[in-house]
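**Q** Before anything else, here's the structure in question.
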Amino acid sequence: MSDIGSQKNVLSSSPVTKATQTVRIVIIALLLDLLAFTIILPLFPRLLQDYREREGDDTTLLSWSLHQIYIFKQLIGGESKNPKWDLVLLGGALGSLYSFLQFVSSPLIGTLSDRYGRRNILLVTMIGNILSTLIWLFSKSFGLFVLSRIIAGLSEGNIQLSIAIISDVTSKESRSKGLALVGIAFSVSFTIGPAIGAFFSSKDLSQTFPQLVKWGLNPYSMPALVALILLSVETLYLYLFLPETVNLYHKSQILQPSDTKHQISNSSSFSYHQTNTVSQRLSNLRNLNWIHFLFLFFFSGMEFTLTFLTFDLFNFTNMQNGTLLGYIGILSSILQGGYVRRMAHVVGEKRLVVQGVLCCAISLTIIAALTKTSNGIMWLYLGATFLAITSATVVTCLNSIASMQCDDYDDNDQNLSSVSTNDNNEINSGNITRIAKGQALGVYRSLGQLGRSAGPIMSCGLYWMAGSEKCYGIGAFSMLIILGIVIIKVPYIPTKKQKSE
């Protein structure tokens, strides 16, 4: 009854209120989801060390994985300067596996959300997330822990579906403002979540409840329990309060084949689509997909090796690394809330993407030069400042531009034929052909996750072979190339002022 009542509450509100309420629900749920996700991030090295100590040199998945790390180091000509680095590389490999599985599952999750509804598919993915965390809670072996990460990677749909839902309920003029909240949720979670994980990792449930050790309770079960509670609360919250958005907000805006050109021109929802055909927008989406992949390939790789660099050059402790990452996260949150949300519709999303990629090139250049500068920590934080600008702008605005290439109409209407980024069908003269949002954004996110999967492996290998200066120098040069591609290929979305003129 509360489920029906809560949704009726949203349905009975005005359109603007409905959109605001739905965005708020989505962001609160996403914040809980990302907090649960980031809890594990600082634990990887010691968690893997614990498995290595408990499993020894037996013929286990862990020993096989460490042997593959050894082979990888031999291929790139690296030597083990520190045995802990093997575990860091293994943690990076697990992170890459997680992103690769999202690359596989994201298009399917997006397509299913178009067909069966965002809310229904989001709740199904939450069941997968809860199952994965429950397995982690009782993972007495490294093999079970890897199984939990595999299920988590295949099930994670909250981020892409949150973007799709916000795109469903916001106008193109206000979309960047709504999607900036996703970026703020990321920044806040990546600032607070690791600290929560580090705090609760000191609470050993295996000592508190020794009778459950035989069931798999381990020294790192407490962070898993906290993550499980967060995900359970999130799932209940979504079930009670989140309305379906695929058909809810745009039924009144569906155009039938008989609708006139005059009707189209009078609808603000069609202002961008009116001057860009389906084939043009499909071409834009393909370009955006590959730009998203290239940017995240280099950005995530450089981001992943940052803790290598601080350990290598400055011998940073975990606390110092946490302070640096917290600084980036907090500054990124402030910029997204105070700059991106206010300026995207004023100066245009493309201009913010250009600014962000340029700042990334500047940041990586500064970091590459750290080996040749005095007062290196000051320069490190200057580079981190530019990196925070990149984090605040690029992905959020690319997401917004990609969503604007899609159509907002009812998937079940018989007069509408949908098209994906892989379709080359001509527009059917009898029907209105459209780009299905869930499927298109699923492919878009999928390629981004492929970049996140491959980037850390590439950058680790480059760092081991050539050192920090060449690694980050190549990263900076690559960002300048991406900047040129962005300027040429990313579509320009008219600003609110230009539309009024």
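The backbone N, Cα and C atoms fix where each Cβ goes, and this holds for glycine too.
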**Q** According to TrEMBL, which stretch among 323-340, 431-448 corresponds to the feature transmembrane segment?
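**A** Checked against TrEMBL: transmembrane segment maps to 323-340.
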**Q** Report yes or no: does the transmembrane segment (121-138) come within contact of the transmembrane segment (377-398), defined as 3 or more CB pairs under 8 Å with a sequence separation of 6 or more?
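**A** When sequence-distant Cβ pairs are counted, the transmembrane segment (377-398) does not touch the transmembrane segment (121-138), since fewer than 3 lie under 8 Å.
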**Q** Are there 3 or more C-beta pairs under 8 Å linking the transmembrane segment (472-492) with the transmembrane segment (352-371), counting only pairs at least 6 apart in sequence?
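**A** These two segments touch.
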**Q** Looking at the transmembrane segment (220-242) and the transmembrane segment (323-340), are there 3+ C-beta pairs under 8 A, with each pair at least 6 apart in sequence?
**A** no
**Q** Would you mind listing the long-range same-chain contacts of the transmembrane segment (290-311), meaning Cβ under 8 Å and 6+ residues beyond its ends?
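**A** Distal contacts: 88, 92, 95, 320-321, 324, 357, 360, 364, 367, 370, 380, 387, 390, 394-395, 398, 402, 444, 447-452, 454-460, 462-463, 468, 471-472, 475, 478-479, 482, 485-486, 489-490.
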